[in-house]
Number of protein chains: 2
Amino acid sequence: MGDGSSAMTMILDGKVHAERMLGEVTAAVEARAARGLRPPCLAVVIVGDDPASHVYVRGKVAACARTGIRSVERRLPADTPQAELDGIIAALNADPLVDGILVQLPLPAGLDSKRALHAIDPAKDVDGLHPVNQGLLLEGLPGLRPCTPSACMNMLRAHGVELKGIRALVLGRSEIVGKPMALMLLEQHATVTIAHSRTRDLPALCREADLLVAAVGRPGMVEGSWIKPGAVVVDVGINRVEDPALGEVIFAADPGKMKTLREKGGVLCGDVRFQEAAAVAGAITPVPGGVGLLTIAGVMANTLQACQAR
Amino acid sequence: MGDGSSAMTMILDGKVHAERMLGEVTAAVEARAARGLRPPCLAVVIVGDDPASHVYVRGKVAACARTGIRSVERRLPADTPQAELDGIIAALNADPLVDGILVQLPLPAGLDSKRALHAIDPAKDVDGLHPVNQGLLLEGLPGLRPCTPSACMNMLRAHGVELKGIRALVLGRSEIVGKPMALMLLEQHATVTIAHSRTRDLPALCREADLLVAAVGRPGMVEGSWIKPGAVVVDVGINRVEDPALGEVIFAADPGKMKTLREKGGVLCGDVRFQEAAAVAGAITPVPGGVGLLTIAGVMANTLQACQAR
């Protein structure tokens, strides 16, 4: 950074906010125990050997241990037939001791992830991706809400970001982040624009945004010059960059990242060019260390909520 | 109108588009009959004596007759207990001869309209307002979609309005029009902004919109100077204006409406000042004679769809 404006930039530390959320869940689980109630239980279903998926599942299981939530893992081989997956989900739906069910995505080729997600009992759908839960969100009614946008909202609230009347731009229109995030911001009275790959003159649109949420999965797509001075930037993208030529472009202001790329053959970065954006923004989440950690905390909060609601 | 630009303005006639949609439903019902299949059946539940509600229900029943859809009316007194309404909905859900169920809103005080709407079998929810159907819409999956925005999209498609990459502004964030309309426009690759009562500098935001959908229920709120030249304007509001002082302001360019207000003590108008906007817009729906007629056609299309899906 190293210029005057950067001194004003607040780094929104995902670890701090995730710890706060996990601490709240832990306290609630302890309060249940004090009342003689069993701990919440999360069942995680993982199919196949995708290394990244196993990393995520380990993170979730560790967060369960940390908060006192009981976790059950169902590890299935990559060639598991759909009918068997359906049967396992049905059994978990019927199990009175299971409060939350999470099917780790992506599923191996040949398995229908929509079918799996729709088979989960909405009351146990801690990912918040079942149509019933998405519909309740659209209606502004209580339900299990998608973890990532829900945890981002929790962070914005804790950070005291005023959302009423602000211009918010959500970049990306997935049902996991973009669309539910837009609905949650709308619920808090932001004026919300949803932009995507077909959007024209995106830089100008971004420059109007008091809050920019980037969730497209394109490394370093959002340049520093696109950020409105003082804006809050939430970077949901987690991308691995290995190409030095791409690195030279998107890490022009970030010699540290470029060094890591050269030394390790790859580096994680968000959808936003962090150093460029941090020089302009009022607050920004880093990658890694930002929204990724919040998502796991969101799963724990949803598991507790599902348990309390039963 | 009477100036140069108005010659270019296309009036999007709700009657024409509603007739086209009803004609398609009629043809499909006839095709069913030719294959020996029974006509679709719509059950309409109306509680109490609200005159406007009875007008709407008559319109729907007439559209059924027109298209060959069988209609069943359940007229209930205003003091009907919730349990009785629940029981009637449950019986209609269970009736294999009923394809669509519509509970006319608003319900009298003391009845919970959310509860009633959520009690309808999603497969028979021809209003498209059940959380399951809203969630399927959010996911971009097939389902029964809210009638008004769905019929507006049908009209825009029939009129050949290019939506890909355009800036669309949806004014209003109800679950009946605003939010589902935004999702449908997003699905067609528009860049969508949702604005509302808390939005700052609304006129400037409107002036950026290639498509403006007004659904707030505030008569004449959108002024002609807010419209981007050549924009498409869809006016979902149906408001009755009785106050001559308000009329003087919002009908300044519309002596005809002002005359009607004076002579009849009231006049219908949309959320947009029609004559002012028509002088600037490329295409615009009038009120009355616009979206209101489309909504009824949307109910018929949904009843057919619910019937075909069973």
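The backbone N, Cα and C atoms fix where each Cβ goes, glycine too.
Keep in mind that TrEMBL annotations are predicted by a computer and have not been checked by a curator.
Residues annotated as domain 'Tetrahydrofolate dehydrogenase/cyclohydrolase catalytic' in TrEMBL: A:12-127. Each residue of the domain 'Tetrahydrofolate dehydrogenase/cyclohydrolase catalytic' (A:12-127) gets a DSSP state, and the totals for helix, strand and coil are 61 helix, 19 strand, 36 coil.
What TrEMBL lists as domain 'Tetrahydrofolate dehydrogenase/cyclohydrolase NAD(P)-binding' is A:146-308.
Here TrEMBL flags A:Gly172, A:Arg173, A:Ser174, A:Ile238 as NADP(+) binding site. Long-range neighbours of A:Ile238 (NADP(+) binding site) (same chain, six or more residues apart, CB within less than 8 Å of its CB): A:Leu268, A:Gly270, A:Val287, A:Pro288, A:Val291, A:Gly292.
Checking the binding-site residues A:Gly172, A:Arg173, A:Ser174, A:Ile238 against chain B with a Cβ-Cβ cut-off under 8 Å leaves A:Arg173.
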